[in-house]
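Structure record follows, encoded as structure tokens.
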Amino acid sequence: MIGVGDMVLLEPLSEDSFIANLKNRFEHNEIYTYIGSVVISMNPYRSLPIFTPEKVEEYRNRNFYELSPHIYALADEAYRSLRDQDKDQCILITGESGAGKTEASKLVMSYVAAVCGKGQEVNKVKEQLLQSNPVLEAFGNAKTVRNDNSSRFGKYMDIEFDFKGDPLGGVISNYLLEKSRVVKQPRGERNFHVFYQLLSGASDDTLKKLKLDRDFSKYNYLSLDSAAVNGLDDAANFRTVRNAMQIVGFMEDEVQSVLELVAAVLKLGNIEFKPDSRSNGGDESRIKDKNDLKEMCELLGIEQSVLERAFSYRTVEAKLEKVSTTLNVAQAQAKTRHKVMGVLDIYGFEIFEDNSFEQFIINYCNEKLQQIFIELTLREEQEEYIREGIEWTNIEYFNNAIICDLIENHQNGILAMLDEECLRPGTVTDETFLDKLNTICAEHQHFESRLSKNSKFLTDHSLPHSCFRIQHYAGKVLYRVEGFVDKNNDLLYRDLSQAMYKATQSLIKQLFPEGNPAKVNLKRPPTAGSQFKASVGTLMRNLQTKNPNYIRCIKPNDKKASHIFTESLVCHQVRYLGLMENVRVRRAGYAFRQAYEPCLERYKMLCKRTWPHWRGPAREGVEVLMADLQVPTDEFAYGRSKIFIRNPRTLFFLEERRRQCLQDLATLIQKIYRGWKCRTQFLLLKKSQIVVSAWYRRYAQQKKYQRIKSATTLVQSYTRGWQARKLLRQLKYQKRCEEAATTISAFWHGTQVRREYRKFFRANAGKKIYDFTIQRIMQKYFLGLKSNMPPMSPIDKNWPTRPYRFLDGTHKELRRIFHLWRCKKYRSQFTEEKKAVYEEKLEASELFKDKKALYPSSVNQPFKGDYLEISKNPKYQKLNSAVEEKVLLADVVNKINRANGKGTARIFLLTKKNVVLADSKTGQVKASVPLPDLASVSVSTQSDGFFALKLKEGSASAIKGDFLLSSEHLIEIITKLHRTGAKAADKEQINVDISDEFLVQFKQDKVCVKFIQGSPKNGNGASCKRKNNRLLEVSVPMTA
């Protein structure tokens, strides 16, 4: 081992030898050293091969002093004490900023996660506990001049375990995040990691959605002189953080909300205000460029006008009145019980060139941690020796309780005076706060100020007028009083809270619950100092309920470089951490102490007189136990209520003997249990053997009987078989004799018949051969026809050629039958609608084929029926409601005027019962003719579209006379009219007259309509012209 692993064993003990031992071990990469159970950790500023999985297994379930000093040994000791002795543990990691506290906490958590149980749920919990670190570091750590990954908040994690020692979950508490770093960073430092990680590692698509640019220089909140840090890959860390957030339990929409909020903070830093004057002479502020404000509002889902007003105005409430006042530029820019192991990783003691309220609070927290260390390791231990009556020589040490009292005293403490100054009416400034400190704390030996009554600091030029200095346990720290009052108030105007609560993004509403108008609280919120003081008090009470384990982190140099050991810096840390006093107390005291009752309960199995029950006082039982084990008397001492053991090796000896004894007891219990189990098994087997034997004997006799019976049956069967075969042979012989006689007789009769009919066979041979040949030809014909069948299309005219002329009639008949059959198959595929269409087309063919020149052009045009879409067109809504029946045909036709032969547009509607003519513009019904009143329809043989509807004489519709109409869909109209009229007139079809000259009844006069071929004057259509009172002449163009 390099140097001395435990400072308690260091000889001679002095400050120089202490530092020399640390240096010797540090230079040989031994960064851990013990002071009893306290671990001293030196930051190596580089990676060392001492944190591998093999090292974890090496220190697992090993005694604390059994191996060389390591942080794993302390973590294992704490975990086993929690698991085996049911004692809640806490691990306190203290030291300066940059001493390696965060890394030490991660090593402790990773070791505990590695050694505890396995399983799907357990592994999930362990992974969540470990992955919480990258998320917390991204949002709470930043680069400072002393540390590239400095924690700018305090973190205390309580890890809960079940009775087996498996983790169930964790509770993380944070303390005083350094919020001022978001808006301003000292030179050489940078903002929180998450801003740089987002801009470096997010995809282009993500940045576009967040309205961000990768260029750091475009954002006022990001310092450019230290944006890049050696050894930090922001892009890779961003991917790690995204993955860690998913493992911890963030949903994808929650991650997106967090990133939108981070982007909004960057946008907020770019908003600048300009001063302006109001009409009444007061000052107000205006936003210069509203583009960033607009994008910020889009990200958060806030109306731009609401947020702009909240930035520029604030509302003051007095009783029932509200007054809105403007903000000037400066104000606008300012704004089931489980086992528990606690791990405390909190910011270290800080001394910067410019120390403000944050450093004051951080150093106050470190004073409290130093105080609890002193109380538990120095003062409490010495007082316990005196209480228990142990002979003890008191060891002097510095108690920092006086410094804690200077800061936290309820009446004259600095925090109390700061709160009092913040709550005081009237003009309150940082200078008035400093004046109050100079008045009240002037005589305190740890407080220094040039303006105090103490005249010895009046000429101290290292102490500016606007500062005060406190002598902390770690050294003197100069605090600049500027900003103390504002940072302690930590006020957020209600207008901003209410504006944020109006956001549509759920995360913003959760962050600003005080903005809910229904829950307005006019009570002044507690100050930042009082909140932190209460949090520290709660933390101290929590730590005092657990068994403490200490890791004292030391920074070897200020350059953050490896292999450099600055003795003066290390010596300063050793002094203010009180490590020398800790060594002296450990050397003079006892390493382990325990009350008599739990000690006897734990080790009573080591002595026959105390096992299994001791009848008497617990102290006498412990004395009997120690005497029986022959432990040297100088290795322990008896107190009033506890036994004190000086050397840890004695404790290890007791634990080893207890472990062996437990193994022996376990072996004895196993032996007795196995004997009982074997006897029970034997008795069960014996009982079972009797039952099995009885059943087997019964089974054996049954099998024997079955064999005898089977043998008898076999002999009988053989005998019966022999008799049956003998009888069978006789019967067969008799049958063969009869068959032979019959065969001979048949052959003889056959010979006689053949001789008689030989002449008849020769005469009929030709007819037999002919019939056979014809039959074979017909068979071949049908088989060939089967393999060469034509397609199933009805219009296909192919048919196989006949092979022989005598089959001509059969061939034609089969062709006709096949055509009828495939036509039937084709028709069976039609739907009802398609059948109706074909029926209409067929009827049109019967009416007009070879009779009307217009017919061929209509064959390939489908009959649409409703050309006007009368039920859908809002123009004809009135007409559609007037017609009650279903419209079979709707088209625009021309009604011919007998006076001049010109046409007037009319809507022609055909229903199941009526023919309706309506005005094409207004939709008003002009005429409605029932189909039974329709006598006939007259058309020409030409290619025109004229037709006349002739009404029955004497009918009600015949008063106005017949109708002479013209349509482009003549064939369809006449066909549908012919089909519908037959149904409406009780199967009496409407006559269709096709002639180039016919009479039309116009009221009282009959007019002849005559069709001639000629060249029309207008266009290519037919034209009608009046010749006289009795003649209308229709000129139809000649077809090519």
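Glycine is treated like the rest: Cβ placed from N, Cα and C.
What TrEMBL says about this protein:
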- 2-659: domain 'Myosin motor' (DOMAIN)
- Gly95, Glu96, Ser97, Gly98, Ala99, Gly100, Lys101, Thr102: ATP binding site (BINDING)
- 536-558: region 'Actin-binding' (REGION)
- 852-1038: domain 'TH1' (DOMAIN)
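The ATP site, placed at the center of the C-beta atoms of Gly95, Glu96, Ser97, Gly98, Ala99, Gly100, Lys101, Thr102, has further neighbours from the same chain whose C-beta lies within 8 angstroms: Asn43, Asn147, Gly348, Cys553, Lys555. In the region 'Actin-binding' (536-558), helix, strand and coil residues by DSSP number 9 helix, 8 strand, 6 coil. Within 10 Å of the C-beta of Ala99 (ATP binding site) there are 24 other C-beta atoms, taking all protein chains into account. Cβ neighbours of Ser97 (ATP binding site) (same chain, under 8 Å, six or more residues apart in sequence): Thr144, Arg146, Asn147, Ser150, Tyr347, Gly348, Phe349, Glu350. Sequence-distant contacts of Gly100 (ATP binding site), defined as residues of its own chain at least six apart whose C-beta falls under 8 angstroms from its C-beta, comprise Ser41, Met42, Asn43, Cys553, Lys555.
Within 10 Å of the C-beta of Gly95 (ATP binding site) there are 22 other C-beta atoms, taking all protein chains into account. Within its own chain, Gly98 (ATP binding site) has Asn43, Thr144, Arg146, Asn147, Ser150, Gly348, Lys555, Lys560 as residues 6 or more apart in sequence whose C-beta sits under 8 angstroms from its own. Around the Cβ of Glu96 (ATP binding site), 26 further Cβ atoms fall within 10 Å across all displayed protein chains. Remark: of the binding-site residues Lys101, Thr102, the most isolated position is Thr102 (fewest other Cβ atoms within 10 Å of its Cβ).
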